[in-house]
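Asks: Handing you this structure, nothing more for now.
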Amino acid sequence: MATKFPKFSQALAQDPTTRRLWFGIATAHDFESHDGMTEERLYQKIFASHFGQLAIIFLWTSGNLFHVAWQGNFEQWVQDPLHIRPIAHAIWDPHFGQAAVEAFTRGGASGPVNISTSGVYQWWYTIGIRTNQELYVGSIFLLVLAGLFLFAGWLHLQPSFQPALSWFKNAESRLNHHLAGLFGVSSLAWTGHLVHVAIPESRGQHVGWDNFLTVLPHPAGLTPFFTGNWAAYAENPDSLSQLFGTGEGSGTAILTFLGGFHPQTQSLWLTDMAHHHLAIAVVFILAGHMYRTIFGIGHSMREILEAQTPPSGRLGAGHKGLYDTVNNSLHFQLGLALASVGTICSLVAQHMYSLPPYAFLAQDFTTQASLYTHHQYIAGFIMCGAFAHGAIFFVRDYDPEANRGNVLARVLDHKEAIISHLSWVSLFLGFHTLGLYVHNDVVQAFGTPEKQILIEPVFAQWIQAAHGKTVYGFDFLLSSATSAPSLAGQSLWLPGWLQGINSDTNSLFLTIGPGDFLVHHAIALGLHTTTLILVKGALDARGSKLMPDKKDFGYSFPCDGPGRGGTCDISAWDAFYLAVFWMLNTIGWVTFYFHWKHLGIWQGNVNQFNESSTYLMGWLRDYLWLNSSQLINGYNPFGMNSLSVWAWMFLFGHLIYATGFMFLISWRGYWQELIETLAWAHERTPLANLVRWRDKPVALSIVQARLVGLTHFSVGYVLTYAAFLIASTSGKFG
């Protein structure tokens, strides 16, 4: 007899209902819960799966390169990056009529195509790629790499190639290798690519496999390096009149500190970026030699942590016990990693537009808006995941004895103070911000806009002035030509930086006013409320006054039956579930703010944002409604245009989002009755009743239905805004 799915759980495999399928899928990756799982086997399976993950990423990036080389217009775009729209790939759709074929035939293509808004064209151009041939080579290389990684994943599941548990628990060696190898050497390699390939290409000198050993990246070669005259590599940088990709106005410097942006491409100087990556490489390669391994020199992580004890003795045991707690909990490690990566992802969103690293990215407005929105949403999901795994750590891995009196135990002991302070901050921000907005709406509605409460963000303006922004007239630090920092930086990076920060055409330190002050505090409300829900979920995951034995019920439970009132909605999973709604809400405000503010900057008129962003109707009418006008006319009784696919996707996103409520608002009894009725009808319908199944159909559990609802809500929400963002931006700027 064939073994039933899931093989990893005998109990589930023998379940006579459809619960077998849904719970099987839900727990397929929860390796800890599988039959016969040992700690060593757990680590080995996760380690092997990392290779599969990387293989998928390489396959995906290979596909991007391949489709652009095959169906894109990269070589044409390179000739005129500002006026030719980059093509992602062709569209073949039997539904297209002649009007659609004409509307979607763009960018010099011979048939319908999708326009790229991911920034890959700008990235490839900046790093020195110029031909389709090079894109194909990159694609094939990544495809081979994906195959190698799949093989490596399989290999590390074979008994003789499975690392031992002690190898996974060797924190110092792993830290050294990740610091020196992953960050250090890869940054050094990237510096090498920029210096040897990208910078020469930006000056009109092609470097390929045929000449890379003979073309010197710098006229003096390695002589300045070995003689200690490193400043030679910064001398004679590209001039302000340099034409990117040509020798006109080019210099010979390879590692500079110019500051600001290349006037033509509006991106950071390539030579500045090479210098940055070299510095990162040096720092991280040094850091990767700091921790003690078999050689007996360097720091011991355990000793560092155990030395961190508060001096007076009245603040507990400090960091004692943390080494083993972190090292023995995969959920703790994953929580830390997700928190870091989520924060970095949000920083990427902020820096991609304010300090654009890729040539001509700053002039491709739809791509800038897409990259910002994409990275902020990804960051939100990742950071929610950090708290989810933090909560699972508290439920499954936390040992009160091993952490007695240390900082972790003290956080749990003080959870009421932590949660109530977050609650107070959220309430304060919410009522005051909403109060200001609503007051402004009322006086607008009653015809006295001069009675609005408009608060200038003076502290933020003062900080901007300290960094060199002169428009506010503070005359302080870098905005004062006679201050010590201004005088110290004159010969280095300061002239370029000051020109950048005071330009009206880029997004470096935007000029801010009362509308910014209000939306900043609205976003602060969202961030603090999301954090409140997540922190409360994690700190109450083991138990609370209401339910002291909560940890015995696991990470996600619906409630403890009808006999124990008030135990619904208090599992750590429920906190994650609720927090995701707040996270989406907050990032909605963040992306609305970014987009509306930038539409004004890109169109050369910031008055609409400044005047309408101080009251709620301004946001609804002058941002959302006004910018959806082109979108909802993508197709109408008079025909269609190239925004029609986004108009349709806008509707489809709403549909997915709305479907979520069907799962969120109804509980399992309703579905069970419906399923039984459908099964009854199925059994009595000719032809249909030839199809039989053994499992008795049962409704999803409450927790599963919430997950399905949350997924629909999230996907629909993001998809709806994606369509709005791309259509409203590309509709204005082409």
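Yeah, the Cβs are placed from backbone N, Cα and C, and that goes for glycine too.
Positions annotated as chlorophyll a B1 binding site by Swiss-Prot: H654. Residues or ranges marked as chlorophyll a B3 binding site in Swiss-Prot: M662, Y670. The phylloquinone binding site annotation in Swiss-Prot covers W671. Feature annotation from Swiss-Prot assigns transmembrane segment to 46-69, 135-158, 175-199, 273-291, 330-353, 369-395, 417-439, 517-535, 575-596, 643-665, 707-727.
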Asks: Please check if the transmembrane segment (369-395) comes into contact with the transmembrane segment (707-727), where contact means 3 or more CB pairs closer than 8 Å and the residues in each pair are separated by 6 or more positions.
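Replies: Judged by the Cβ rule, the two regions touch, with the required three close pairs present.
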Asks: Can you work out which residues elsewhere in the same chain, 6+ from the ends of the transmembrane segment (135-158), have a Cβ less than 8 Å from its Cβ atoms?
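Replies: 44-45, 47-52, 54-56, 58-59, 61-63, 65-66, 68-69, 74, 124, 129.
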Asks: Please name which of the binding-site residues listed here, M662, Y670, W671, is nearest in space to the residue listed as 'chlorophyll a B1 binding site', Cα against Cα.
Replies: M662
Asks: So what's near the transmembrane segment (643-665) in sequence-distant terms, Cβ-Cβ under 8 Å and 6+ beyond its ends?
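Replies: Residues 100, 103-104, 628, 630-635, 700, 705-706, 708-724, 726-727, 730-731 contact the transmembrane segment (643-665) from elsewhere in the chain.
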Asks: Among 46-69, 175-199, 330-353, 575-596, point out the range having the most Cβ pairs under 8 angstroms from the transmembrane segment (273-291).
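Replies: Highest pair count goes to 175-199.
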Asks: Fewest other C-beta atoms within 10 angstroms of its own C-beta: which of the binding-site residues Y670, W671 fits that?
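Replies: Among the binding-site residues Y670, W671, the sparsest Cβ neighbourhood within 10 Å belongs to Y670.
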Asks: Please list, in sequence order, the residues in the chain of M662 (chlorophyll a B3 binding site) that are at least six apart in sequence and whose C-beta is under 8 Å away from its C-beta.
Replies: G709
Asks: Apart from its near flanks, which chain residues at least 6 from the ends of the transmembrane segment (175-199) lie with a Cβ under 8 angstroms of it?
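Replies: Contacts of the transmembrane segment (175-199) (Cβ under 8 Å, skipping residues fewer than 6 from its ends): 126-128, 207, 212, 217-218, 254-255, 270-271, 273-274, 277-278, 280-285, 287-291, 293, 301.
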